[in-house]
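Chemist: Can you read through this structure? Questions will come right after.
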Amino acid sequence: MFDINYFRDCPEVFYSFAKEIYPSNFTPSPSHYFVKLLEEKGKLLRNYTQNIDTLEQVAGIENVLQCHGSFATASCIVCGYKVDGNEIKDDILNQRVPYCPKCTNDDEGDDIGESASIMKPDIVFFGEKLPPEFDRSFPRDREKVDLLIVMGSSLKVAPVSEIMGQIPHRVPQIVINRTPIKHMQFDVQLLGDCDIIIPELCRMLRLELVHEKLPGGSSSCKKSEPYRFLDPHIYLFEGAVVKQGDLTGLGVRTTGIENLSIQEKNKVETREESEGNENTVKSNIYLT
């Protein structure tokens, strides 16, 4: 449904569910404000985001690059006329296809037709190029970066997923995700809910992260989160979801799932996936 050619043919399909992903439905999480905190401390080179919900801007992050665009603006797919995203908000919330107010009659005096002059949010669909800011910024940033943190991504959508392979090998790379990344090599994988892991990092760094969703409203109001270290580079926190065999495939020498103690096994939930009937372990709490 995010294919640009399909959108041109059947825009009503996209607009039938666009309200479900509209930014007004969401608020920034502690993880968003962690990025803002890094920026305030002068530690953020740039926030590359694949999100289209503009929550980075709501959190106040200034140095952000919307790799996949956002709902902030919308453009006509015929004439390119651009408007503020709020101008098509009512159409999105009412599941209507918005049409371009700028498109006029063609040379023969016939209307171009609503089927062509469609307004589309400026999010990058499959089949479209990334915004030019990406090609301008990344070559410069890759020479300056001294630490790469990836949060909440499967890293399967190019070209953003290719960033990791283009960063100099001397630069440490960390991923924070609920599921392990097996097709790329990271120096450290912190597996679990981002909003559980981020406050723990702040406690270790002696940074105070303030957010209403955190216990006591601050990362400093709670003791350290329990986790399990799996040699050589994986940490399991609450919320980690790992298939049987995933960790072995990542070179873990003390394989976590098979070698858990009885007490630890009681802390995990095994469930069946709908596809392939594969066992999955969901880490509720891993104890050190």
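Residue numbers in this text run from 1 along the chain shown.
Using the three backbone atoms N, Cα and C, a Cβ is placed for every residue, glycine included.
Straight from TrEMBL, here's the annotation block:
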type	residues	note
ACT_SITE	His68	active site, proton acceptor
BINDING	Cys76, Cys79, Cys100, Cys103	Zn(2+) binding site
COMPBIAS	277-288	compositional bias 'Polar residues'
REGION	266-288	region 'Disordered'
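Could you tell me the structural context for the features on the list?
Modeler: When Cβ atoms from all protein chains are considered, those within 10 Å of Cys100 (Zn(2+) binding site) total 22, not counting its own.
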Chemist: Expressed to the nearest Å, what is the distance separating Cys76 (Zn(2+) binding site) and His68 (active site, proton acceptor) at their Cα atoms?
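Modeler: Cα-Cα distance, Cys76 (Zn(2+) binding site) to His68 (active site, proton acceptor): 17 Å.
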Chemist: Which residues, sitting 6 or more apart from Cys79 (Zn(2+) binding site) on the same chain, put a CB under 8 Å from its CB?
Modeler: Cys100, Lys102, Cys103, Ser117
Chemist: So how many other Cβ atoms are close to Cys103 (Zn(2+) binding site), meaning within 10 Å of its Cβ?
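Modeler: For Cys103 (Zn(2+) binding site), the count of other Cβ atoms within 10 Å is 19.
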Chemist: Long-range same-chain neighbours of His68 (active site, proton acceptor), Cβ under 8 Å, sequence gap at least 6?
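Modeler: For His68 (active site, proton acceptor), the qualifying residues are Thr49, Gln50, Asn51, Ile52, Ile123, Val124, Leu130, Val160.
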Chemist: Just counting, how many other CB atoms are there within 10 A of the CB of Cys76 (Zn(2+) binding site)?
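Modeler: I get 20 for this one.
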